[in-house]
Structures are given as structure tokens and as C-alpha cells.
Amino acid sequence: MSEEKKYELWLDNYFFKPNFWQKCLAFVLLPLSVLYAFFAILNTFFRKKIVFKKPVISVGNLSFGGNGKTPLCKAIAREFDGVFIVLRGYKRKSKGLFVVKNQNEILCTLAQSGDEAMEYAFEENVKGVIVSEDRVKGIKKAFELGAKIVVLDDAFSKFHIKKFDILLESKIKPYFNFILPSGSYRLPKFYERRADFIALEGRDFLRYSFVKKNLKAVLVTAIAKPFRLYEHFIKARACYFFKDHYEFKKEELENLLKKHNCDTLMLTFKDFVKVKDFGFKCQIIELNIELKDSLREKIKTYIKEFEQ
């Protein structure tokens, strides 16, 4: 196991299943967490509120890492017409605003968009995708291009934007309710009161995934919290976990297949968009979310406010 992978595993345990020494470290780092909290809270004030004349929905979470934001955004796009996704485009090799997709046409490369944005671009029900560090510019561009609804991926902390805030709450909670670096929260937990709707897994949405068993496949993934795929680990001959947003190299994947005498890569769609041009046989792990009536009706009510 590489040093990078060991660090990822250590960090995962530190936030969710800490041992005695990791718990001690969390308390030692509390003064830094207080300082971080001060600046994080300060950053949410003193900015003019920006209001749009069309629906803007944000899907986010308080803790760092994957909680299912991408499949939930895609689920919203399947339920409502004319949805554009606006996101930062983490780990992309570009800066500024890029239109990744417009009206079912992909307009840039994976390097320019980042893996998450390109995953959205391949979703038929998502009509447009825009990456921009400045979410306000991204929203304006989306509406210029004909968006009926803008969904923001991971923008809960953008309190200067008037929007319908959906805060995801996973079944798997951090061990401590501390913020970084003592815990995994990016803002104090009391900030969840600022959400318009707290979406609880099992109550407001159902998460499910599917892939057929294939012992000629090697499971590789570079998503946050790969333990979410635990039910599929036994369906492949071997499993390898990489850092979130990791850029796969063709040679290393070839070596993994040869090592285990396999001919197929088993991966999520987010991983697939990064290897699709390598020529490997791939088997996609379908990760989906189904909205329950409680959340669906809240979104419908919000959208209807703009039809009056």
C-alpha cells in the first residue's frame, strides 16, 4: 500500500472510527478548530444577497467528502425539466468559467471540466453543465443558455446566494461533531438550521447501487468514502482504492489486470469517465438515488413559487 493510500485510510478512521490516540489528537487540535470556525463563520457574513428570478437549488453537506451529492443532483434532473448543474469543478486543469455541456452537447475535455462535471455531462436528463469557481457567474450563464432550474453541487456555504438549500445527512456520521481539523465538519453543526430541507437517507431519499458479480474483474475507484461500495467488494476478484479525484494511468490499470489475470475493470461512472478512452473492458457500478415524496414535494413547492 502506498503512503498516499495509507494516509487516506488513516484520515477515514480519524474522522469516523478513531482509535484512542486519534481521539487524543482531535482534542489537541481543538484550538485550531476554533480558529478555523471563526474564519469560516466570518466568511458567511458581509456579502450582499444575490436573488435570481428562476429556481436555484443547492445540494450540499456540512462534512467534507462524498455523501451522495452527485446522484441526488442527477435524481433531481430526472424529476424536473431544463436542469443545468453548476459546480466548482474540483481538480480540473482549468480556471474560470467553462460550459461543459449545453443542450446535450459536450463542449470541453475531461481535463477542463474535472471528473464530476463530466459525469453530469453524460447524464441524459441534465441539459447543461457549467464549472466555475464563481457560482454566481455560473448561475447567470446557465440561465442565459436557457436553464429552467439551476442545481448547485456543493454550495451550502454560499449564503450570499438566495437558493433552496438541501442538506444531505448520511447514515454514517463523523465520530465527533467537531470542525476541521479536529473533525470532518466544514462549518459548525448548528449551521444545519440554515438549510431549507435536511434530507435524511432512508426517510427522504433511497440510495441503491447495482453491479453483477464478475470474478474476472478488478474493482478500482477514486471516490470519497469508498466503503460505500462495500457490498460490491466480493463481486470482483480484487479491489483497489485511490485518492478522491485521482487521475488514473493506463499502465497502472493494465498492471492490476495482469496481476490478477482479469480482463475487466469494475468502477463507478465517475471513475469510468477518466478511463473510457483507455480501451479497457469496463463494468459500471450503478449508483442511484430515488427521491421520496417528502423531498420531491418540497422541491415542487419551491419551484411553483417562481410560476406565480
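Here the Cβ of each residue, glycine as well, is placed from N, Cα and C on the backbone.
In the three-state DSSP classification, LYS69 (ATP binding site) falls within a helix. With a 10 A radius on its CB, LYS69 (ATP binding site) counts 24 other CB atoms from all the protein chains. Sequence annotations record features per position, and here Swiss-Prot assigns ATP binding site to SER63, PHE64, GLY65, GLY66, ASN67, GLY68, LYS69, THR70.
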For THR70 (ATP binding site), nearby residues of its own chain (Cβ under 8 Å, 6 or more apart in sequence): GLU116, GLU119, TYR120, ASP153, LYS270
Reduced DSSP assignment, SER63 (ATP binding site): strand
